[in-house]
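TrEMBL lists 20-225 with the feature domain 'Thiaminase-2/PQQC'. The substrate binding site annotation in TrEMBL covers ASP55, GLU96, GLU148. Annotation comment: TrEMBL describes GLU218 as active site, proton donor.
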Amino acid sequence: MEAGLEQLAEVEGTTALWLKKHRLVYTAATRHPFILSIRDGSIDLNSFKRWLGQDYLFVRAFVPFVSSVLLKAYHESDNNSDMEVFLSGLAALNDEIKWFKKEASKWGVVLSSIAPQKVNEDYCRFLESLMGPNVEYTVAITALWAIELVYQQSFAHCLEEASRTPPELAKTCQRWGNEGFGQYCRSLQKIADRRLLRATSEELKKAEATLLRVLEHEVEFWNMSQG
Ligand SMILES: Cc1ncc(CN)c(N)n1
């Protein structure tokens, strides 16, 4: 990193700098028309159901990814408490899978008969590419933080005062838009920033490229859901 940027990263955090630098794609991911349609109440419920079924499949693939980050933390982290953050994330995912099953039956979505769409498969394949032992902990935690952040920022937007989110979707928005999940995202960000400050320039390049890929995959995922 250049000398000036390095000082700024110490004050602001590398992740915040990257979000500013890549704000167009970040905004595309967190203020997507699919999310805006939840927020203004115009959401097509078939799109919502499509998202629900596809996201259930994504979350099933996300669990092993989070486990792989926990494993990397166990082997590579310079801070004992990192592992506990991921463990709490895994516990939340356990609840999330149960929630998806209940929500799906509420909406008449039969999860067992849903096939992943190509966009979803591509995203899950990307997750798998980050699970191997050759991928640095710093790169993997950057991806995990970005993936969670997109949902937190998107759904929190649907809970803001001016929003007209339909009441039957409020629980969905609260799942990722609540303060506890916001705190979890900040914990992930702190870990990522701590690691990025000590990363080699090669690792920094890989982590930034990974952040961009996550944001692009998230935009594609919303596009797919919207249909
Ligand atoms: C596609 C996607 N991105 C992020 C999340 C939040 N875990 C999710 N459930 N699905």
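Cβ atoms are placed via backbone N, Cα and C, with glycine included.
Any TrEMBL annotation is an automated prediction that lacks curation.
There are 19 other Cβ atoms within 10 Å of the Cβ belonging to ASP55 (substrate binding site). Cβ contacts within 10 Å of GLU218 (active site, proton donor), excluding its own Cβ and spanning all protein chains shown: 23. Listed in sequence order, the residues of the same chain lying 6 or more apart from GLU148 (substrate binding site) and placing their CB within less than 8 Å of its CB are GLY89, PHE181, TYR184, CYS185, LEU188. What surrounds the substrate site, by Cβ distance within 8 Å of the Cβ centroid and not counting ASP55, GLU96, GLU148, is the set PHE58, VAL59, PHE62, LEU93, TYR151, ARG175, TRP176 from the same chain. Across the residues annotated as binding substrate (ASP55, GLU96, GLU148), the widest Cα-Cα separation comes to 13 Å. Rounded to a whole number, the distance between the Cα atoms of the residue listed as 'active site, proton donor' and GLU96 (substrate binding site) is 18 Å. Distance between Cα atoms for the residue listed as 'active site, proton donor' and ASP55 (substrate binding site): 11 Å, as a whole number.
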